[in-house]
Every structure is written in structure tokens, then in C-alpha cells.
């Protein structure tokens, strides 16, 4: 084969390759975004002029379409579709566009940027948009209008007064505006199977010494004490943080949330870390746990390979298909380390989950808030509880329902905790610090035995200091 | 004849060039511009902050770590993938026993192997990554079950071990790409005239010599193209890391530039900084392209 043309075939391939080399990574990662126009600072007139107690307290224009985006994760999206059907009943002329996705940020962020965000978003999951950033950029609607509207079931009561304690506060960032409505109510803790504990003649251990004994007993039978989502070690804090708060008092976790210097050097932190490290040292962690993701670890736990797993109340729904019918799922509060613990046994982490937001530049923010008002009604709440076995932020809704075991246990745990409900905010305020740095680079390493508690604490404090000094991260404080 | 030639060519190229300009060049320019701003990616409001993003980049430990991983992939991934590809292709085409009437032939059943090797290429990378994620499950995955079955006491945590995670990712990338190069190189080898081999064999050349003296030099352009494409894979690697690790891995052991960029743009709301990372990636890519083209320049063999 001779080369007769000015451009030989191979030259062409070579050049095409070079051009492709230039174009490909760039096309993939750079070109996707371009700043659009997200409109002027228009303020939606939510609530203004709404007849209190009227049928349509939020001034909803019934013929405006409603654009809803739901995180299709542990809770699925059917509960939202059911609420949308209720909305449709109230506003028959409204067209409802429903999107269910796990890719919240990649799908929704460009819409914010282009000035055409949806009317209401369940901003949840691993790819959630950073709430602090959205608030800082004034992209959200203040939900006080919704909170001051009469509730669906009792027009004499405001929505605000029907919610569980702490839910409204969680939605605030700096000022009095409430930017986020957490719809689900999550109980975090040590999850276990009553059946599997009973097989060992054991009960949920109320002290750490008993915890170690139960684990030892299990080990003798070839069962691991603990497992956790090794690829997502930020599940460990679900039981570790309330443990720290229980040992040293709520202030310890507050100081940690406030990113204070030396906050992690508190003796309570060290005590809690050492207790957890002992689980590793004594071989009570399920073999291979550091390489498991959340589903794989839950499955191993469902199969009875491990007794305990730090998790949140969504696990009952998420693991539904893998859970044996006689599993008797239950949640335990962190065991007491010793008698000097500042807070009693029962101290628990419970907080709102599924952060719903209404974008400021939405076409129909009133409609978005109205949908949330409908969801916070008794009917939708009961539907949610029944469908996904999790509580909602509406205080109640469980009356007359037969709760599945995990949910019933959550309810009992909340009752037992009483006032001693703690709510560490690190995972809402500093997502990267919590998930990647503290979670993957420190706690996960410690539980895998690659860092000692002292090294882990030192590393976490360094991460905390870096975040505190990083002026590209917006800071928050407990009041 | 020459008159108006360029105008003629330009006329034909007008539309493709315009498309290229709008969809390739303009995003480049925009991205470079955004890298000098504090754009969040969540709103169209931002300020120009000059070189601030780049200064931050320079002092960002994580950036250097991610870059290190990318460079490691860049060196090893093409080497291993193309090496294996060449080895398999030559076994399939010229590695077999000599048969009558044919100076060279592949090993027995080579046409079946060719199809088998190509299988991974048919699967989408998402499926491949997911399959391997299950295989790497340290508690009940295929790999550790195999180790168990053959009685080895070694039970690695695979993706959960910072010393192994990146190698696990690399293995998946090699596995999913080798087949394509086997087929590509096979096609290239079948174009090499058989009499070259015949002559070499008559002169008493060994297999080893024929491979390095005949096959490889005549295949060089194809190898070079493959090298460039594998380089692109190595500088990307996003999909595999995203699906298998769902993040930067234990202790940032599988953090790659593309994933770090994604984190900054979509988790932390720092699109300006993310585009600066993108520009850094572009520079690395350009340097790589330059080096490959320079090193690969050889006198072309016509046959």
C-alpha cells in the first residue's frame, strides 16, 4: 500500500486521535455547565394575603403546573405520588410533573443555574446538593409561610405546631428563616435482631461491658458482633456520636459541630473511640466489613452473620426484601460506657431526614409548599408510615396503625429517650468533612485497624481545623 | 486546478467547523474563564477572583494526591493493557504451531478466543463495574470465595483496603479494555504480509525475534493510537471509581482528578474551583499527548 494522498490514512487516525484526546475529557467534564440566567431576585409572595383558615391558605394558583423532584432512595417515591394525587384532587386543573431520581445534584443543579428549578425537591441521598451553599446563595424560599399556614387536619393549629420538636430548628441556618423542611423523622442507633440476640440468650446490652460479653459469646459461635457500611464509614457516627454525647454531655458534640479547636481532644471522644476500637482489636467485626457497602453490610446483618449495625430507621424499608420474616428488627440506644456518663442510657440520636426544599426561583413555590402541607396531613403521614415504615415530622400519625417491628422499636426508643434526644449537625453543615474526611479517611481506617484511636483523633482534628480555616466553606454554629 | 481549492474545502467544512466551535471550543473557553471566578454552579452570580483558584490548587494536598493516582494510571494502564493485548493478539495470529502451507498461524481455536476476548467490550462500563463490585465483596464475593475454596488463608478487603483499592480499579479497567486491543491488533497483524514471516523463519529467527523485529515495528502506528486512547481512559476513570467506590475510596486511595472535580462541582458547590481542576487536567492531557506524539515519531514503514 503506497501513500498517494496528501493525508495518509494513518496520519488521519493519528490526528483524529489527538483531536479526540483534546476533546474527550473536556467534553465530559468541562462543557456540561455554563452559567445561565437564574432571573432577578424576585420574592415569591407566599402567604401574603392568604386567608388564614381558608381553603387555600398559601394562595395557590390551582391552574399552575407543579414540578416535583423526589429522591428515589430508601423510601422510594410512591408516597410522594400519593400526595400528588391528593394535590390533584384539591387543584384538578394543575398539571403535575413528577421526577424520581437518585442523581439529585447532577440533574437539578443545572436547573438552578438556568433559573428554572423545580417547585419542590426532596434533596436527599449521596448526591444531594449542599444545603448550606443553596442557602448562602439565596436560592431557597423561606418556609415560614408554610409553617404559619393552618394545618390540613385542624385549621386552628398552625403547621408549625403539629411538628415534632426540633424539626423547625433543623431547617434554620443563620437567621429566623426556615429553609428546609425535613419530612421523615429518623432514629439513629445500634440496630439488631431480637431473634438473633435471643438465640444467644442475650438481650440488648445496656452497658459496654455487656456489649463486649455479648460479642464474645457470638464470636464463640462463629458470629461477628458488629458490621457496618465499610465503604461508607460515615454510618459509624450514627451510634458513635450519641455515644460521645452520652459520655461527655451534649456540649461535646456541640463544640465538634462548631468546629472548635481541640473539640475532638475531649476525653469523652477518646473514650468512645477506644471502646469502638476494642471491637476491632478483639475481632468482633465481621470479616471483610471495610470492603462492604451499605447494602452488602445490611445483607450480611440480615443473614445473621453479625449482630449489630449502626444505622438509621430507613434500614427497615431499605432492607425489606433481605430481612427474614422472624427477624424482629429493633434499635438500641448507645450502651453506657460506665457510671460517669453524663447522660442516662436511652440517650438517642433522632432527627429529621429527607430535606425538602422549595427553590426561590421556582415557577410555583406556593404549590410546592402546598404539597408539603398536604404531605404533613394525617392521611399522607399514615400512608408514609405504612408504606415505608418510617415516622414523619408530623408529631403523631401512628395511632391505630400496627407498626412493623423496627418502627415500633424506634417509637419505643424515642419514648425512652424523652428529652435526651441529641442531634449532631456535622452531616448537614459540613457534608464533605463528615462523609469523606472524618468518615472515610479516619473512622473507617480506625475501625479497619489501620489507625489507632489517638491517630484517628489527631487526623480528624486536623481535618476540622482545615475546614474551619477554609473560607470557601460556609460556617454554622449552635446557638 | 489549485485555484479556489481551499475555498472549496472550507465550504464543505463550514458546518462541521461551526458545530465544533459551538460544542467543543466554546465550552473550553468558557471553562477557562470560569476557572478564574468563584462561581458556585448553583446560581449565575459570581465574581472574578483572578488566580485565587490556582493558588489554592497549588496548596491542595488532595489535588496532588489525585494527580499522582492519575499519573500512575497513565503510566501503567496503557502498558499493561496494550502489553496483554499484543501478547494475546500475537498468540492468536502468529503464536501457534506451524501448519502445512502456512508459515504462521494462531493457536488452536483462535477464532473462538477472539470472540471471547471481545465480550467485555460489549458490556457497558456500568455493568462491568457493578459486576466487579460484587466480585470484590470481601465477605461473600467471588474472589474471596475462590480463595476460600482453594484453601488459602488470605482474605483481602479489596476495595476496603487503601493499599489495594486503586489496583482493584485498575484491574477492572484493564479487563474491560484488553479485548478491544486484541481485536484491533489482530486486524493489524493480519495485514502484515506472511512472506515476511516466512523469510524470517527461513533465516532461523525465533518467535521472540519475529515479534520484536517484524510484528511490533509494523504494528507501531496502531499501538501508538491505542496508547493515546488508553491514556485518555487513564486520565478519566470516573465511571469505574464512581460505581465501584462511590467516592474517593478508603483514605482517598482512589481519588482521581475527575472524581475530585465532580465532588467540588456537585457536592461542595464550588464550580469555579472545579473548572480550575478541569483546566489542570487539560494541561496534563496536552502534555501527555505531546509526549506520546514526540516519543512515538518514527520513520514509517511502507509495505
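Note that the numbers count up from 1, one per residue, in the order the chain is shown.
Using the three backbone atoms N, Cα and C, a Cβ is placed for every residue, glycine included.
TrEMBL annotations: computationally assigned, not manually curated.
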**Prompt:** Pick from B:47-70, B:71-94: which stretch is listed in TrEMBL under transmembrane segment?
**Reply:** B:71-94
**Message:** If we skip the immediate neighbours and take only residues 6+ beyond the ends of the transmembrane segment (B:115-136), which ones have a Cβ under 8 Å from one of its Cβ atoms?
**Reply:** 88, 142-143, 158-159, 168, 171-172, 175-180, 182-183, 239-240, 243-244
**Asked** Quick one: do the transmembrane segment (B:226-245) and the transmembrane segment (B:71-94) reach 3+ CB pairs under 8 Å, ignoring pairs fewer than 6 apart in sequence?
**Response** yes
**Per Cβ pairs under 8 Å, the stretch of B:71-94, B:164-184, B:271-293 packing most closely against the transmembrane segment (B:12-36)** = B:271-293
